[in-house]
Amino acid sequence: MSWQEKINAALDARRAADALRRRYPVAQGAGRWLVADDRQYLNFSSNDYLGLSHHPQIIRAWQQGAEQFGVGSGGSGHVSGYSVAHQALEEELAEWLGYSRALLFISGFAANQAVIAAMMAKEDRIVADRLSHASLLEAASLSPSQLRRFVHNDVTHLARLLASPCPGQQLVVTEGVFSMDGDIAPLAEIQQVTQQHNGWLMVDDAHGTGVIGEQGRGSCWLQKVKPELLVVTFGKGFGVSGAAVLCSSTVADYLLQFARHLIYSTSMPPAQAQALRASLAVIRRDEGDARREKLVSLIARFRAGVQDLPFTLADSCSAIQPLIVGDNSRALQLAEKLRQQGCWVTAIRPPTVPAGTARLRLTLTAAHEMQDIDRLLEVLHGNG
């Protein structure tokens, strides 16, 4: 088989399964409205959960940062790319979340890959929730360590896997709020079992940070859990992009020596760090509380109105509200019908989710209004 035949076969298989991904160029993709092909849609696909992507103070902070620092960092943080703006953001994040140190990364994917690649050796074992994000599972699969997956949120199964003899160290990996189901991991129980087996816990709280918990500190804070490794990202609740790893001082020093994504990647622009500092300030103050409270009300309104639809509504109290449709083609058709009626939604299909669980991944944000939720419900009931 030639290279071209290999590529064609893979694409043909995706098309046959109604699983071929495609991108839509949009004029605006975050916030309450999505604009594409000169048409405006109510946007129920964005991860901009607090509606901060268009916040004037955050935009102004980025603009002022670009004027002060330029539009790029100029290099890796190990050379010339670690600015006073990066340092200030790291210190503010560490203080906010109660850790000694924070290290910035260009994306959550990079952060997860970097930590696992740097921490794990052949004699070690990763025990991961089987529904963990692709970045976590891919990093675990590529690492030299053993990978075992436990049934989603099943602490008993986790304990059984941890009890199996391991010559090295064990790292338990999970999300805080799961990206495709919207449910929250039982972190207190997971941490207890992990500690009983002398393991470390790594939590990717991409979809919880900024959005839930006191001052938006996320799912770990909400459950009074402090994992050894906490990954937070800035493309969701913060409304920007990037990520950070929260950890002890010694682990931070270790990652600075051995995390190749840090050493060999150009760091985020200092102007972006300034925007993230402004976003964090909004998240922590009363305005952040008001946005989170509004989001909770919108979620309650949606869940109350969707109960009698002929779809499975995931057990989620987060901004992620998946409607499980099942069949790939049906999910695609339903998403298209909703778009035709002014609601932009995304059909998520395998391999992103398990086979037979194709869904509409609906996301609600604080930028929405109650009438937006009512319109979504009206359209869903008309196509159920």
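Even glycines carry a Cβ here, placed using N, Cα and C.
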* Structure fact -> From candidates Thr156, Thr233, Thr250, Swiss-Prot puts in the same pyridoxal 5'-phosphate site as Gly108, Phe109, Ser179, His207 the residue Thr233
* **Among Thr312, Thr352, Thr357, Thr363 - the residue Swiss-Prot places in the same substrate site as Arg21, His133** => Thr352
* Structure fact -> Within 10 A of the CB of Arg21 (substrate binding site), the number of other CB atoms across every chain shown is 8
* Counting Cβ atoms within 10 Å across all protein chains shown, which of the binding-site residues Phe109, Ser179, Thr233, Thr352 comes out on top? -> Thr233
* In the chain carrying His133 (substrate binding site), residues 6 or more apart in sequence that have Cβ under 8 angstroms from it -> Gly108, Asn112, Glu175, Ser179, Asp204, Ala206
* Structure fact -> Span of the recorded pyridoxal 5'-phosphate site, as the biggest CA-CA distance among Gly108, Phe109, Ser179, His207, Thr233 in Å, is 13
* **Distant-in-sequence Cβ neighbours of Lys236 (N6-(pyridoxal phosphate)lysine), under 8 Å, six or more positions away** => Asn47, Asp48, Tyr49, Ala206, His207, Thr209, Gly210, Val211
* Structure fact -> Whole-number Å distance separating the Cα atoms of Arg21 (substrate binding site) and Phe109 (pyridoxal 5'-phosphate binding site) is 19
* To do: Just report the maximum Cα pair distance in Å for the recorded substrate binders Arg21, His133, Thr352, no decimals.
  => 18
